[in-house]
């Protein structure tokens, strides 16, 4: 009635628009009220079965919940005050860790700290380069020698005044950390960066209209300022790129130019480090195996560990130490590369390889093998020339087999790594694939050698374990077999699954081979236990049946008597 009166009053006063708005508002409110009531009724109808089901489940679980809580309270009453305090402290510690984690994530401390350390490292390198440039303006020889002399003086001073600390630091895990673990993580990062940029990168090509016709132009900022803006700062590599996986040209531009330059320089630096590591480690290991020099190596073991610590630390410093050693190690490694990758001039060996190649070709013509098998076998035959000395060591005792392990695991990969860098510098097509292949090998070698080092006390009691290790490294050093690629994928998947390195997609820990192996062992153990239990039950049933038969026979004999 009030709404009708309001409409009549509005029409009498000439306010027809207000009456229309008021009627529309009342209609909207009424419709909304009806909709909300219907929605509430529908939700009550839908939720009533779930509420009833929840009540039924709670009624069934209520005694179990009460029993569990009573058991927990009874267990806590039996504990001493010290154990209760430890439980409380552990709970507070976990709560504090959770709150600290939330606080760190909210404040973004880790990205900020990473950015600060990166900028600090960049500033430090900039100051160092500026200082070296000033010294270079005075004397170029002094600028080259001064950092190394300063580092040697620091090493001698620390050895003289901090000898116990240096000995403790070098005799533990620090040497493997800086010589193997840290370079492996860097190598994996370099490999993933190269794969992210792509092996078939092409420069940016722009079309310009000149004189009414379209012409294609490739950006070529070849000045030092433009190269610096692109991020090219390595003094050891020339600013050349591979275009389309073919011949390399001095072409730049495009969104991935800086990434391409940085990826190539990082790959070359990683190859240089692993070549130096392989040559130095093979020389040291080979000398330690010799009967005359082994006693001196053992006698000066306390001095060799600090020397290795200072040496590998020097390789990681921005003194171009790796490049200096690489200049002398690369020619030595290339001798092995030139003599072990199809360039052997031994007529008997080459004739034998040619005969096998002809035999494989004949088998392909007959149809006994496919083209992929033929190509793979030919590649393996050509690559097997590098491991001929190791094959000879297989027929010798374990003492001589160790030299074959050094040859196939360190010298041959170092030679092929140096060969890949040489091919890259000489614009050989496919050099990038060779670099990537041997970088993967060094990652697999580091992981495999670490596992074998921890298993050495057990393997020393296993017959022919050295021969098995030699066969493993021979298979890894032959890329045509694909063993190294297979092991690299396994290692990367395991590292991503355990959270050691970040992956493109999330991989659960339960999908790793370690966890699956543990599950398989536990499943086999469980099945063995069930089988044993079943056999025991069958034995008990059999014994019970025999006992029952004996009792029946006894009763029958008594009746007969």
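Even glycines carry a Cβ here, placed using N, Cα and C.
Of the candidate ranges 85-104, 105-124, 205-224, 225-244, TrEMBL annotates residues 85-104 with the feature transmembrane segment. Annotated range for transmembrane segment in TrEMBL, selecting from 423-444, 445-466, 467-488: 467-488. Looking at 173-191, 249-267, 268-286, 287-305, the stretch flagged in TrEMBL as transmembrane segment turns out to be 173-191. Cross-referencing 42-61, 62-81, 142-161 with TrEMBL places the feature transmembrane segment at 142-161.
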